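Chemist: Sharing a structure, written as structure tokens. Questions coming.
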Amino acid sequence: MLEINKIHQMNCFDFLDQVENKSVQLAVIDPPYNLSKADWDSFDSHNEFLPFTYRWIDKVLDKLDKDGSLYIFNTPFNCAFICQYLVSKGMIFQNWITWDKRDGMGSAKRGFSTGQETILFFSKSKNHTFNYDEVRVPYESTDRIKHASEKGILKNGKRWFPNPNGRLCGEVWHFSSQRHKEKVNGKTVKLTHITPKPRDLIERIIRASSNPNDLVLDCFMGSGTTAIVAKKLGRNFIGCDMNAEYVNQANFVLNQLEIN
């Protein structure tokens, strides 16, 4: 088995062939979207993209333990195919999550503009880890909370006490994209990786679907966000990327976390 708590420079297929089967509790995958934003994201056609996608999915599924969970990022269009494929492989559908990026609304003129991505959440069994109390979010209606907190009764007469940690998390997630967060004087700056995911978004996934010392896998590590967040949360990780610059930079950050 490859060394854990390290990002390896290799392609996803060679990497997955060397990861022990049924050793992973959580896989968080941000793969190519076939949007031609870079060489690694470019395919001749959708008919070429799908077999590539299904191939790495098959290998990832072998690595999940019997109660493992899988999250996959992609466009809504691609996720329609991926969702159907995962169901055909016997995976259990949990959620179709919409990530509202709150920026980058695009320039669509023949349809609604896009400012969101899809995150598919599947599990291998009904006994998968899900720590719902770890990912509660603030209540939206403060008046309702105030009334219930003071009297223990809602205005409709039902008895209810708000959870001090917030309400249960839903399927629409509001996180600004990393490129939006790192704007300078209102202008987008060039990032090392073109599509890094926000750390707080990845943190929500890892907190919800893994426990301390679990192994988290990402076979398209990019700038290393999954590994960095996993390490900070006390999880083990293993991952790869083909880009030497991404891998070296991410491993440097991880080593600094170790030192500190």
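For all residues, glycine too, the Cβ spot is worked out from N, Cα and C.
Pasting the feature list from Swiss-Prot:
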BINDING   C12, D30, K197, S223, G224, T225, D241, M242  S-adenosyl-L-methionine binding site
Chemist: Within the chain of D30 (S-adenosyl-L-methionine binding site), which residues six or more apart in sequence place their C-beta under 8 angstroms from its C-beta?
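Modeler: Long-range Cβ contacts: F73, T195, K197, D218, F220, G222, T226.
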Chemist: Between the two most separated Cα atoms in C12, D30, K197, S223, G224, T225, D241, M242, the residues recorded as binding S-adenosyl-L-methionine, what distance in Å do you get?
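Modeler: With C12, D30, K197, S223, G224, T225, D241, M242 as the binding residues for S-adenosyl-L-methionine, the largest Cα distance is 19 Å.
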Chemist: How many neighbouring Cβ atoms, not counting its own, are there within 10 Å of the Cβ of K197 (S-adenosyl-L-methionine binding site)?
Modeler: 23
Chemist: On the three-state reduction of DSSP, what should I expect for G224 (S-adenosyl-L-methionine binding site)?
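Modeler: The residue in question, G224 (S-adenosyl-L-methionine binding site), is coil (DSSP, three-state).
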Chemist: What is the number of other Cβ atoms found within 10 Å of the Cβ of G224 (S-adenosyl-L-methionine binding site)?
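Modeler: There are 26 such Cβ atoms around G224 (S-adenosyl-L-methionine binding site).
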Chemist: Specify the count of other C-beta atoms within 10 Å of the C-beta of T225 (S-adenosyl-L-methionine binding site).
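Modeler: Cβ-Cβ neighbours of T225 (S-adenosyl-L-methionine binding site) within 10 Å number 23.
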Chemist: For D30 (S-adenosyl-L-methionine binding site), which of the three DSSP-derived states applies: helix, strand, or coil?
Modeler: coil
Chemist: Within 10 Å of the Cβ of C12 (S-adenosyl-L-methionine binding site), how many other Cβ atoms are there?
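Modeler: Taking every protein chain into account, the count is 23.
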